[in-house]
Amino acid sequence: MSSDSKTKIFLEFQFAMILISGNILFAKLIDESVWMITFGRTVFASIGLYLFLKWRDKPVLFPNATENGAAIGGGILLATHWVLFFASARLASPAIAVLTLFTHPVITVFIEPIYFPSKLKLRDISLAFLVLLGVGILIPDFKPGNDFFWGIVTGLLSAASFSFRNLLSKKFLSHHGSAQVMCLQSFASVFMLAPVCYWESIPTSTRSLGLIFLLGSFFTAFAHTLYVKSMFQLKLKTAGILSSIQPVYSILLAWILLGDIPGYREVVGGVLILVAGTLETIRFGKEE
């Protein structure tokens, strides 16, 4: 691979990371519930991906019921992840949401044996302890009624649903195109979240609709497509290490655009979580 090609891939990957990192900003910018934001996001993302597949003359559905069922299940988990992720940002802060989400590499270690034959190792337990320590530092107190506490909890549940979705997709859908997988999962998310329209009014303001359209089409459909395209051209280890910059991008964007300055707890706890996630990514890459 030429140096120009490597540079192009690296820049595409980093651009995708910046876009995906920017998702969290919409939790603060859009004056709608996390349910309505996620519903609108999935609507625009699924429409964009559907049009893309039709333009490429690719099918939307998979050839058998098992794969379609896996995609629908993955879509439900994806919608759950997005709702909880935005809820975490509103209950605590964007910094807390992205830092707790980055616990997903370690969570994956413990749930992976459900999907694939693997055993827990002492290193896995040590990394999990490091993550728990980091999360503990993030929480100023352990009062269940504290919004900050529940922001941590929803962030961790968001990470868990994200891990389950990724493993489900890997087990049943890894041999299909990423756009097709994402499209069907987005449609499943739309149907899961559609009931929100019964208890909440659909946004009518130009600002809200414009931001939701931007989130769904550009920061979801386009960003994830670009991310997967770049990742397929990188070694798994390299992609994993480069992905660890995502929380840094998110916190910097929230700081610059929203004035959300991280405190010392977020810095110290976040460093521990990032270290654990990066070490797990490096180990996984070496095993691959």
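Positions of Cβ are set from backbone N, Cα and C atoms, glycine also.
What TrEMBL annotates here:
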DOMAIN    16-138  domain 'EamA'
DOMAIN    150-276  domain 'EamA'
TRANSMEM  9-27  transmembrane segment
TRANSMEM  33-53  transmembrane segment
TRANSMEM  65-85  transmembrane segment
TRANSMEM  91-113  transmembrane segment
TRANSMEM  148-168  transmembrane segment
TRANSMEM  180-202  transmembrane segment
TRANSMEM  208-227  transmembrane segment
TRANSMEM  239-258  transmembrane segment
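The transmembrane segment (91-113) shares more Cβ pairs under 8 Å with 148-168 than with any other stretch in the list 9-27, 33-53, 65-85, 148-168, 208-227. Of the Cβ pairs linking the transmembrane segment (65-85) with the transmembrane segment (180-202) and spaced 6 or more residues apart, 3 or more are under 8 Å, so the two regions touch. Contact counts against the transmembrane segment (9-27), taken as Cβ pairs under 8 Å, peak for 208-227 among the stretches 33-53, 180-202, 208-227. By the count of Cβ pairs under 8 Å, the stretch nearest in packing to the transmembrane segment (180-202) among 33-53, 148-168, 208-227 is 33-53. Broken down by DSSP into helix, strand and coil, the domain 'EamA' (150-276) contains 104 helix, 0 strand, 23 coil.
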